[in-house]
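Here the structure is laid out as structure tokens; the discussion comes afterwards.
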Amino acid sequence: MSATSSETLKMVTLNSSDGETFEVEEAVLLQSQTIKHMIEDDCANNAIPLPNVTGKTLSKIIEYCKKHVTANASAATSEDLKAWDADFVKVDQNTLFDMILAANYLDIKSLLDLTCQTVADMIKSKTPEEIRKIFNIKNDFTPEEEEAIRKENQNHNPSLNQITPTDIERAASSCPEPDYSKRAKWLRAAVLGANDGLLSIASLMVGVGAVRTDVKTMALTGLAGLFGGACSMAMGELVSVYSQYDIELAHLIRQHQARPGLGPAPTHDSEFEERKKELPSPYQAAAASSLAFAAGAAVPLLAAAFIKAYKSRLAVVVATVSLALFAFGWLGAVLGRAPPLRPSLRVLVGGWVAMGVTFGLTMAAGSAGI
């Protein structure tokens with residue numbers, strides 16, 4: 001009788017992300033809604049790839065599913081099963097977090113609830129300092145941010161004469177931190193365009209001023225450089241970011257096709273569409289770069305193009321561009337929530353070098369009769 005039963009058992013093959021193979025009874029795997037749907041759709045005739053689950057984690061998942069199937073089929077009490085579950089989740093943090101991700105991916109609700117509850121119990125009644133110590137989280141609040149939160153809480157409730165660091169962190173955690181990384185997609189192009197516009201037109205005007213002292217020549221040269229540079233920056237960013245967009249989109253499609261149970265066309269996958277929205281926008285980068293170039297180029301052009309005295313004109317160009325370079329560097333750092341001083345000085349010194357090299361080489365060429 002037992003031999004007949006073993007012959008009728010249907011086995012399913014699973015392949016983990018690191019190449020391990022597992023032969024598991026179909027009845028055990030029905031605990032996973034993800035695999036259950038694949039079996040119902042006749043997608044389990046061959047080995048089922050699980051690209052998001054390692055062999056170590058998958059063995060723990062199978063152990064959990066086997067225990068619960070066996071417990072449901074026997075007369076085991078719920079207390080016995082709860083005791084087994086409590087021992088099952090006594091693992092290191094990395095394994096516990098891997099099981100949470102695997103349970104979510106395989107859609108095993110009971111295991112997901114168990115592992116998440118375990119994490120919740122770990123941080124229950126703990127202070128923020130204790131939670132940071134458990135999960136090795138670094139406190140990244142600056143004294144200025146703590147003071148700002150303290151003042152905000154005092155304004156809302158003046159009766160609070162003292163606010164502890166714990167109160168500050170709890171108040172701050174209720175408001176999610178803005179994702180400043182999203183600004184990088186257009187901020188990079190804008191900073192590059194503004195810096196390029198400043199340096200290109202300033203260096204062009206300084207270089208022309210080294211051999212031609214009339215104001216009309218310098219003004220027309222700067223104006224032509226502004227129009228040409230803005231168009232060039234727009235097209236350069238458009239082509240460059242489109243190349244990046246195509247590569248990242250193709251990578252997303254390959255990731256989608258590698259997931260089990262999904263077809264080759266990802267048009268109706270909400271997760272795919274959300275990740276697609278995070279890709280860089282070529283048109284946004286082109287517009288930011290072009291407008292920033294024009295704004296940067298207008299600074300030296302408007303500041304000095306109509307000053308007739310040659311030496312005064314060069315001095316005004318250098319002084320104005322220096323202030324603008326420092327300001328653009330400072331603004332870019334502030335928008336990205338980075339320390340502003342070092343980026344500002346880096347942009348300023350780089351601009352001085354560019355203008356100095358252009359002036360020196362152009363004067364040398366003019367002296368040589370070129």
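Keep in mind that glycine also has a Cβ here, set from the backbone N, Cα and C atoms.
Keep in mind that this is a model prediction, so the values were computed, not measured.
Residues or ranges marked as domain 'SKP1 component POZ' in TrEMBL: 10-69.
The domain 'SKP1 component dimerisation' annotation in TrEMBL covers 109-154. Broken down with DSSP, the domain 'SKP1 component dimerisation' (109-154) shows 35 helix, 0 strand, 11 coil.
The annotation transmembrane segment is assigned in TrEMBL to 189-211 (among others). Counting only same-chain residues 6+ beyond the ends of the transmembrane segment (189-211), those with a CB under 8 A from a CB of the stretch are 217-218, 221-222, 225-226, 229-230, 233, 237, 241, 284-286, 288-301, 304-305, 310, 313-314, 317-318, 321, 324-325, 328-329, 332, 347, 350-351, 354-355, 358-359, 361-363, 365-366.
According to TrEMBL, the feature transmembrane segment maps to 217-235 (among others).
Summarising the annotation, TrEMBL assigns transmembrane segment to 285-307 (among others). Proximity of distant same-chain residues to the transmembrane segment (285-307), defined by a Cβ-Cβ separation under 8 Å and at least 6 residues beyond the stretch ends, is recorded for 185-198, 200-202, 205, 215, 218-219, 222-223, 225-226, 229-231, 233-238, 240-241, 313-314, 316-317, 320-321, 324, 328.
The transmembrane segment feature in TrEMBL is assigned to 313-335 (among others). Proximity of distant same-chain residues to the transmembrane segment (313-335), defined by a Cβ-Cβ separation under 8 Å and at least 6 residues beyond the stretch ends, is recorded for 180, 183, 187, 190-191, 194-195, 198-199, 202, 205-206, 209, 215, 218, 296, 299-300, 303-304, 307, 343-348, 350-352, 355.
According to TrEMBL, the feature transmembrane segment maps to 347-368 (among others).
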Averaged pLDDT score, the domain 'SKP1 component POZ' (10-69): 86
The domain 'SKP1 component POZ' (10-69), counted residue by residue under DSSP: helix, strand, coil: 27 helix, 12 strand, 21 coil
